[in-house]
Amino acid sequence: MKQPEDTRVVVGMSGGVDSSVTALLLKQQGYDVVGIFMKNWDDTDENGVCTATEDYDDVVRVCNQLDIPYYAVNFEKEYWDKVFTYFLDEYQAGRTPNPDVMCNKEIKFKAFLEHALTLGADYVATGHYAQVRRDTDRVEMLRGEDDNKDQTYFLNQLSEDVLRKVMFPLGHLPKEEVRQLAYDHDLATANKKDSTGICFIGERNFKEFLSEYLPAQPGKMMTLSGEVKGDHDGLMYYTIGQRQGLGIGGPGGPWFVVGKNVQDNILYVGEGYHNDALYSDGLLATEINWINETPLEPFTCTAKFRYRQKDSVVTVYPQSDMTAKVVFEQPERAVTPGQAVVFYQDEVCLGGGTIDEIMKNNQYLDYVG
Amino acid sequence: MEAIYLDHAATTPMHPKVIEAMTTVMQDTFGNPSSIHGFGRQARKLLDQARRVAAQSINANEKAITFTSGGTEADNLALLGVAYANQDKGKHIITTKMEHHATLHTAEHLEKQGFSVTYLDVDDAGHIQLDQFDEALTDQTILVSVMMVNNETGVIQPVEEIGERLANHQAYFHSDAVQGFGMIPIDVEQMQIDLLTVSSHKINGPKGIGFLYAGTEVILDPRQHGGEQERKRRPGTENVAGIVGFQQAIELVNEHRYENYETYANYRKQFLNTLEDEGVDFTVNGDLQKTVPTIVNISFPGANVEAMLTNFDLSGVAASSGSACTAGSVEPSHVLCAMFGEDHPSTTNSIRFSFGLANTDENVTKAAQKVAAIIHRLTSM
């Protein structure tokens, strides 16, 4: 095992407090730390102002405080080709994609990792709230200690080989402590607000953003039995289980999105939070990545169908070519195609896949989309 | 690990004699050169001496030297000053696609103000074509700005030929000589240059000081207003210590021009030979026969600018690319784009190495070896 001072760790720095503290902790542990800012998206506005410039400036200030070298790398093309194109394709197909999962898979732990390796990196590190457990040969990904911040959901596509080269120095810390460390060390980003939402959209209006890239096709909003309840602005603006923005008045309600018919451009709505149409008991997952060994036999574990959701007990029936049928112990509400399903055995993240089909009583729920 | 500096075209270390001269001024001469008392006169005397040295270095009249905060300000003063003061004679300006941004962005600004600008093309050897210049020149042209030496490729431009062509034309001729000064002997009379930009920190002087030569007959609209300093062309209390440091740098660079030329040419040769010996696949961008010896711009097929520069720095070699990739924006060098076209691989695999005071035979060879090892590693991955 190399000594820390002989171990080069390249930190992906966003200019936020988490990656700043990541670099701080590694520096304190004596590693040969290099900070790299990734520019994945060009949001330069008409005044020539670009948030990446501000963020990079924060990276520079923090790295100078820590006395580590810093550089930038541009992955705009990779991001566009691998993440944004997927993002648009999924919306166009009426699904709700998860660009963060794809960004981790294709950019942070692929393009960036490869770049770091060309710089002689032994490890890359990020400010994700997840943990890596290394035994002699086996490397596992564990949930972040702070259950509220755990980000393994977004990291489900990482392989064991990739994890061998990864460090998550914040994984054992609660968020408040990370913020406190930044204060204690007077880091330039100590007071910086956490970023929210999808990185390339930032604080902008989601609907407005999407309409710049995809033509909105307004259509009818109706119940599953065919009763027209109004018009929708374009299927891509809605996700399963959504209540806001439907504008259905009258007695009864509230109304929720229960499905989409992309072919006929219909948005299906149903009345009541617990509308039966929102409930399912299984799903078909595709593009599954198993972090450690690939299971061949059915097994029981827990799963998340969306970020920050509590785990649910499921039985996984592995099928050929990285797909699996997942059966829920209890019916689940608003499981959404395009989102990730991520599997856990206690603290260990086993991997995950894309929710492709929703099932009930062993039938595909075609209306969901 | 001692880092090796191969980025003298970006900036240079200060010569010890420059530091000494400035230190003396800062210790002994704090007066305001405009004051009528002894303290002021003492400072004024230093200022006059420096102005004389600057003027003599380009065979100019002292009154034509305006000290500025550096090259960017001098370029701005030249372009904006001439354009605004002479727009009654025409609103056409000629420059080139390879100018420094201090010129290019100023020209673009003038376009927004209603001036029309012709940007001359650059061929793949880094030269402009005089034919195209002749075609572009009209009776509405009031200013021509062509750099003496390109800062990214080191290619020397046909400044004398342009001066000749403009001898009997109303247009003023400005040349940004930031990279040429100290390597190329400059005579503004003989070269028929009306305005000339020189920067101190590129010739081992301090940052924050430069001069614009503008012949006394040149009508120039000042860009800032205030007192009587610099013949009102650039008011503001003078940076006396900086000016004295600049003077010292000018004296040194001119005194040692021939030996410097020789030394740097040898460094460059040594550097390129070592790359060849190490079996590195590379091509030089720009016509090496027509460059200053301080600069070489090299394309490494199969490598990428970001990965190269980062690796160089981590292994202790400081170089740069023409593109300013500060926040990770890939803006390929406008100079290489002008030479090769935007999609040419050389725009994303080229590095500028520039030699100077911080180099020795040993460290240049060592740097080339390190570069070779990195290129081999990156291109075999």
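Each Cβ is built from the backbone N, Cα and C atoms, and glycine gets one as well.
Values in this document were obtained by computation on a predicted structure and should not be read as measured data.
Site annotation for ATP in TrEMBL covers A:G12, A:M13, A:S14, A:G15, A:G16, A:V17, A:D18, A:S19, A:M38, and the matching candidate from A:G94, A:G120, A:G127 is A:G127. Mapped onto DSSP classes, the domain 'tRNA-specific 2-thiouridylase MnmA-like C-terminal' (A:280-355) shows 0 helix, 48 strand, 28 coil. Helix first, then strand, then coil: DSSP counts for the domain 'tRNA-specific 2-thiouridylase MnmA-like central' (A:207-271) stand at 8 helix, 22 strand, 35 coil. Chain B comes within the C-beta cut-off of under 8 angstroms for the following of the binding-site residues A:G12, A:S14, A:M38: A:M38. Nearest Cα neighbour of A:D18 (ATP binding site) among the listed recorded positions (A:C103, A:H128, A:C199, A:Q339): A:H128.
Least crowded of the recorded positions (A:S14, A:D18, A:H128, A:C199, A:Q339), judged by neighbouring Cβ atoms within 10 Å of its own Cβ: A:C199. Farthest C-alpha pair in the ATP-binding residues A:G12, A:M13, A:S14, A:G15, A:G16, A:V17, A:D18, A:S19, A:M38, A:G127: 15 Å apart. Looking just at the domain 'tRNA-specific 2-thiouridylase MnmA-like C-terminal' (A:280-355), the mean pLDDT is 96.
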